């Protein structure tokens, strides 16, 4: 290091403290990167890589980006999974001898973003901290630095922790140093391998230390005051998240004002497979919002509302009162369409107050941010006036929560100009009339500039040089510029200041005196404006809790307006939600498919599930007939009702579910050595272990990934278990291709058979999409193959084979399907047939008879059976 320049020694010393981050090292108007950071950044950012000490034996690779346009470069590095450490000059170079002091002012990580340009407005940006405690208790803490949201809970087992992580969908996961992913269960390990995982020192996970961090942040005497008693793992996870936040922000985070302790039992439980299969927030086809339930219901007009709706669908409720409160509010807004439209119009102009409040609290808000806050607050009084006549409890509560913040509105309105500049340090941000001293300095500056114009005219007249001009630049200040052709006319009192190629620049005592006065005023204006802006921003930050309350109320109102608008447009009904085991839906529809308008009328269907006669609906019918759509729509209607939404049906009674499980199609997971069938069995086992009489199960084609007999046996046993086991006994939709399972309805009192109605016409099959009582008589697989565009030859051959199988036709000891019309009959082979001949079957059946135990009726039936076999 001794061979390096002082600047490079400073760089290397600072870089040693941040080995896992790309160091953006401020050099004047640029952030520069050196050595390995430069090699990495130049490749990812596609910027020029050069080097210092070119041609020598110790070339130092480096590259740089302009400080005023740094955000997109940071964004690209973050998107590629890298952290960025911002190292600023913390001294004025003009007032420093030697090397300028520099410090890392913050470290930007994927989970700690606050800049609007880096964030999706509709999605939260969570940092998730996980900690495995004693007895498989997992602490789960998650926060969004951009909004100030902070939550913590404790869950039993890695499966529950994984389910919660999938729901949260964090940008970054925090674990303790020394925790090895290889020690986690395969599914959790696989999930974390796809995430950006950061580490906190092991010593952070010590109760006294984390307790002190949490108490200091929230001003509490003890963590117990915050509801963290009895959550030892949750406390450590929350403390680690705070530690990581403070270490990387390098500044106070006052906008994180409270921590919410929640219990998972407060919400409808949805495991990762169910969230994926029901396409709640993202479609399975493209992984996007479009085509999901969220995309179908989202008519919100604010970023806050969009995020709140996503939370409601991700965390449906199980408490009757809060569900009914939401439904009542949606109903009132639905019935008052005119008021609803006026409310939505007012909401459209409201900025993202949650994230504005976060930036204000962290002292990173600009003048434009404060003005956006002001313009948003202006919309609250007319909005509250529209809400004044609301009757339902939730809407009345929201009216109180949405604070117009008149004092903040007045402060920002008086203090900040309507169109503030981007920069905070170059003036023009504070409104005239706000500060007398600033007004006086501006007057001096303005008069000084007028003096310059008058002086220029005066000197032209005095010297007779018509081309004389008074110029200004930041290095030399003001000067009188004379072209070289006019140098003979320069007065004796002119003092040369600068020589140019075609001119000379001069200064006079009079100009110098006014320069000092004007430039001094300009510098003072910039300093004073920045100081006044900081003062205004700090006063606004002091009211952050009120801003947060208003923002939350506005977000909820936006969601309710959105749900009411969708319900009005699509003819949704208000569900009756109770604590029974009944799910009774009349003319239910699939909300997403119905909204897609695919060119055919969506066929509604009824559903009745209960804990009595209709606990399990055994649903048979051909592929493409609509079984999966029907079952998913029942699950989605249940979820929507518990989220507080109206539902796509003529009427609906929904007995609250504690969990929704779905077991539908899966693909091989070869990276974990798991086949489709293994995944199917694992998901089914998880359902049987965790389901309760309050749960809703959707089982689609269980057992199809193995042989027919094995599949039938497994599906049969699973259905019996759900029916017979008192601790399970869930309401269940059970779709199957195994027609044998319809026999269960004869032996199990709470199983009912249903099928999808089909009409055959001219050798064609027409799917009526209607669910009717009874079992399917045909699978219609060949007709589906024809619809899929299978070649005609294949279709005809399939028909022939099907007739062979249905008629039990054999030839020379083998089924007729073993031979093709195009094949020559092979020579007899000494190898035994895999199929028994009819004669062998008869002989085997007779040998097993016990004539002594047969009744006369059984003997007659048996004789008839043997005759049919002969």
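Yeah, the Cβs are placed from backbone N, Cα and C, and that goes for glycine too.
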Give the range, chosen from 813-834, 835-856, that Swiss-Prot lists as region 'Disordered'.
813-834
Between the binding-site residues 621, 622, 626, where is the Cβ count within 10 Å the lowest?
622
I'd like the Cβ neighbour count for residue 627 (ATP binding site), meaning other Cβ atoms within 10 Å of its Cβ, all protein chains included.
25
Within the chain of residue 628 (ATP binding site), which residues six or more apart in sequence place their C-beta under 8 angstroms from its C-beta?
664, 700, 735
